[in-house]
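The structure under discussion appears below in the form of structure tokens.
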Amino acid sequence: MSDPSSSPPAGQKPALKSTVPPQSRFQVDPVAEAAAAASGAAKTPPATRSSRAGSRASEGTTAGEEAKGRFRVVNFLDPSGAPADASDFAFNGDTVRSEASLHSSTGGLSHFSDTHSSTYYLRTFGHNTIDAVPNIDFYRQTEAPLGEKLIRPSLSELHDELDKEPFEDGFTNGEEPAGAEEIAPKVVSDSKGGTVKFGWIKGVLVRCMLNIWGVMLFIRMSWIVGQAGIALSCGIILIAVIVTTITGLSTSAIATNGFVRGGGAYYLISRSLGPEFGGSIGLIFAFANAVAVAMYVVGFAETVVELLDVNALMTDEINDIRIIGTLTIILLLGISVAGMEWEAKAQIVLLIILVAAIFNYTIGSFIPMKSKEPKGFFGYNAAIMMENMGPDFRDEETFFSVFAIFFPAATGILAGANISGDLSDPQSAIPKGTLLAILITGIVYVAVAISNGSCIVRDATGDDNDTIIGPLENCTDAACTLGYDFSICKEGGCKYGLQNDFQVMSLVSVFGPLITAGIFSATLSSALASLVSAPKVFQALCKDNIYPGIRVFAKGYGKNNEPLRGYVLTFVIGLAFILIAELNIIAPIISNFFLASYALINFSVFHASLANSPGWRPSFKYYNKWVSLAGAVLCCVVMFVINWWAALLTNVIVLALYIYVSYKKPDVNWGSSTQALMYNQALSHCLHLTGVEDHIKNFRPQCLVMIGYPNARPALLHLVHAFTKNVGLMICGHVRMVGTFICNYYMDCSLHASRRPNHKEMMSDQVRYQRWLLKKRIKAFYTPVFAEDLRQGAQYLLQAAGLGRLKPNTLVFGFKNNWPDGDMRDVETYINTIHDAFDLQYGVVIIRLKEGLDISHIPGQDEFLSSYEKAPGMKELLVAINIGKDTDKDSSKPSSQSTSCQSSPLIIRGHLSPHFTSPQLSIVDEKLLAASQQFKKKQRKGTIDVWWLFDDGGLTLLIPYLLTNKKKWTDCKIRVFIGGKINRIDHDRRAMAALLSKFRIDFSDINVLGDINTKPKKHNKEKFEEMIEPYRLKEDDMEQEAAERLKAEEPWRITDNELELYKAKTNRQIRLNELLKEHSSTANLIVMSMPLARKGTVSSALYMCWLETLSKDLPPVLLVRGNHQSVLTFYS
């Protein structure tokens, strides 16, 4: 058999086939594992199965093999569909090894060999088995740029019994596709062979050096030396180099901690600190690079305009800058759009010019000329060097202001990392290229600073007539010893020297125009690097879909996935700022944007090291978390040194973007260090709590809610969440039992009885329902268990749920409204579960709504399912019904929600017919739906009536107090009802008021029920007797042996002796219901002390009748019984 489909959908396993269809990339065969088969048994031809459709593979027996089983994809074929040639494989003893390349240019990935004629098997240590040897392709993400992701055999396929259908495989260890990774796996095609990838020199070193060697080197370095002197200038350079070196080390550590994709600083920060920091920095970093294009182009245009004669100006100076800048950025855009290869060639040319200009200056500094002396250049001289060693700040300049002018020159260290997606080996290229570029440029800057200060005086007139004639008493400058008197410059007005001439390096050089060419090269190379960096970073940001509306810029074109749309956007932003032509204000903001990125890169390394995650293991070892933290602090300090208001503005922008992304909560999971540190803190706090004894003042209700599927009983979920949110723990317990009916829309049902628990399905549901709770902003944990019945499952949860002090102390149930119509064995289980909770010192809360709680039978309750979970083509409505007799819609018994499919209690999979219409809801269901949402909305003005009849430690009073503290319940006042005697009503009221006052609990009224012990009305007693009639044992009407046998078989039966013994308690429940209807029929909520039944003495039927009688025909009722340990105190 063969399947005509070419390939499976993204994220699914390929279908298994016994023969290879012509167009398929997969060669698939079952692998038979040994069983206790006879030595001469004949082989049965393997059959096929589709792992997604769930069809079974027929089982074959093979003599001498280990077992029979199934396997999925066992070989990748050449895209042409032809099987791999046997000659491609080398047989070596017991193992078979493929000599084919893992990343062949054709995309064919062959890993398995032919061991039985035409059948391919994975060979592991000489045995035919479906167990797989370690392979890099098993660890790839879904979108694998270097090759296909293979799926290793699942644990189920290796471990489960042979007659059991293997589970569908999803992603293991939480590796679920998110954001860009939901894209279908890429096929490694021939076209990928033409992709341009750069090495560490051309891709990183050259770019970083060009960006760091900016115009600062040629037209500002001499001025900095004149102001700060040689010593402080070297100090300024050293501080900048320290900051950039630390950042380079941090960048290297992050870049070598796993595969690096495109996105530069954004990718490094977002994958380390998470989308909140990454998203905020990514946006401003891309914007900073776009505006930096305008800065560099305007710098180029200004230089050109200065060189032009006044008569050569086209219009005026400002407009000429705009015209030249516009033409320049258009030219740069053309180079960028032409492709990375052309851009790289242009960078090499510019680097050659720049290096030539540096050598031109260096050689010229050793060739002093008489004609240059009046302008301040005398060649290397110790006197000049000593004079220029100290600072000479003028025009209100300071060390920090001069440092602020120089530091932007050092902000080009991420030029190589920004094109990480275009590097052949970013993990090796980024550390080597970045750190070497910092070293080389740092040395050159220091050398130029010393050279400037050693051969050029600070001030010179440029006049040949200023030579010294006569004695030197009044001349103490270094120039005086060389025969020149420039003392007139102290009065100002001189145009030459370090302090006055920005073009002094042109004077020193052998060929002046080459320095001008170097300036042009520096500005254009920096502009070109920024023009390429901004779209690459922005494209990576858009791919992750963190900000809405910008996904359009994620599209790439050509073999290099060039962000052409991003280039156009960067061009528009750059052109806009060029036309403004006033960049003195925006420049410090841009520098601060870069510094903010550097600070976060350093902080990322510190944070990842502090989190101590096993996943943080960079191959670059030359980093230290404290050094990285110091680097982050230094970056922040430098931000404020450069410009304090720009630093504040940068922080405000980053904070605003951080808050926005945190609020939007993008659906991505990159395994950030934030998650790792959060886990560390949670673990340490949990452990710390275990060493602290509980105290009454810190008591909080921590509820185990037996809710089944979280969306099955909204009223129960919302009410419990109302008094546990931000106060206590809430665990949604779900007892799942094996055996379900599967029914279609018309309720044609068939039994689907599983013989064993489907743990894979349960784990999948746990992840999806937890996401549903998070999406609904309900602070709770969903915890399912498999068990034989509700009681056993509840016992598991009561004993094992929670962690350390974060354990439940209160069990919350829904009331079984239709228990009389179900199997009384379920009632026995229900009541025994309450007894178990009391045995384990839990408090118990039972919630009853007269309309009911369970809405899972109503169509449309599948809102938590995402679109990819709804398999197309299925048109049945799947309803899960418990196999037991109790199909009570209001039962809190989670078994009624057990399903055989990965779905909610009621799900629609796929797309129904366009003519399909949902059934008309009955009046009862409409009321049920309305009641299920009543605790989700703000409560009307009214009361919460607390019937605190028995002291259970205070839980009955604490829950309503917590409710009234919530915004939705603020309009509700607490009314307290207590039992008392008619002649002591005032005394009892005052005593209770004093107690509530000491507890600091506000109340609106206290009612003392003096007639609580009055006998109930006759017709109510008769109704109760009618209720218990079917459950009575009536032992007086049968022989003792028969009565004992029936009681043993049906322990819920009510004996006559029991009825007589608890007659007073029965009458009290009937009477309390009468009083509740009289006093609290209009209350928003009734919270009442739950009656207790002595275990082993009161039958479950009688206890259930008490609860039914007490709470029927009333507003929402909470029957509460604490564990009789104080939860309230009036001590400070």
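Including glycine, each Cβ sits where the backbone N, Cα and C put it.
The following features are taken from TrEMBL:
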REGION    1-66  region 'Disordered'
COMPBIAS  30-58  compositional bias 'Low complexity'
DOMAIN    114-165  domain 'Amino acid permease N-terminal'
DOMAIN    203-704  domain 'Amino acid permease/ SLC12A'
TRANSMEM  204-224  transmembrane segment
TRANSMEM  230-260  transmembrane segment
TRANSMEM  281-301  transmembrane segment
TRANSMEM  321-341  transmembrane segment
TRANSMEM  348-367  transmembrane segment
TRANSMEM  399-421  transmembrane segment
TRANSMEM  433-451  transmembrane segment
TRANSMEM  510-534  transmembrane segment
TRANSMEM  567-587  transmembrane segment
TRANSMEM  593-611  transmembrane segment
TRANSMEM  632-661  transmembrane segment
DOMAIN    713-1132  domain 'SLC12A transporter C-terminal'
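In this chain, the transmembrane segment (433-451) lies close to the transmembrane segment (204-224): three or more C-beta pairs between them fall below 8 angstroms, excluding pairs fewer than 6 positions apart. Of the candidate ranges 204-224, 321-341, 593-611, 632-661, 204-224 contributes the most Cβ pairs within a distance under 8 Å of the transmembrane segment (399-421). The listed stretches are 204-224, 593-611, 632-661; of these, 593-611 has the most Cβ pairs under 8 Å to the transmembrane segment (281-301). Residues 196, 198, 293-294, 297-298, 300-302, 304-305, 314-315, 419, 422, 524, 527-528, 531-532, 535, 558, 560, 562, 564, 567, 571, 574-575, 578-579, 581 of the same chain lie 6+ residues outside the transmembrane segment (321-341) yet bring a C-beta within less than 8 angstroms of a C-beta in it. Sequence-distant contacts of the transmembrane segment (230-260) (same chain, at least 6 residues past either end, Cβ-Cβ under 8 Å): 146, 221, 224, 267-268, 271-272, 385, 388-391, 399, 402-403, 406-407, 409-410, 413-414, 417, 420, 423, 426-427, 430-431, 434-435, 438, 442, 445-446, 449-450, 453-454, 598, 601-602, 604-605, 608, 615-620, 622-623, 627-628, 630-631, 634-635, 638.
Distant neighbours of the transmembrane segment (593-611): 243-244, 246-247, 249-251, 253-254, 257, 265, 268-269, 272-273, 277, 281, 284-285, 287-288, 408, 411, 413-414, 623, 625-626, 628-629, 631-632, 635-636, 638-639, 642, 650-651, 654, 673-674, 676-677, 679-680; these residues of the same chain sit at least 6 beyond its ends, with a Cβ under 8 Å from one of its Cβ atoms. The domain 'SLC12A transporter C-terminal' (713-1132) scores a mean pLDDT of 80 in the predicted structure. Residues 207, 210-211, 213-215, 217-219, 264, 286-287, 289-290, 292-293, 296-297, 299-300, 303-304, 307, 328-329, 332-333, 335-336, 340, 343, 346-347, 350-351, 353-354, 356-358, 360-361, 363-364, 367, 412, 414-415, 418-419, 503, 566-567, 570-571, 573-574 of the same chain lie 6+ residues outside the transmembrane segment (510-534) yet bring a C-beta within less than 8 angstroms of a C-beta in it.
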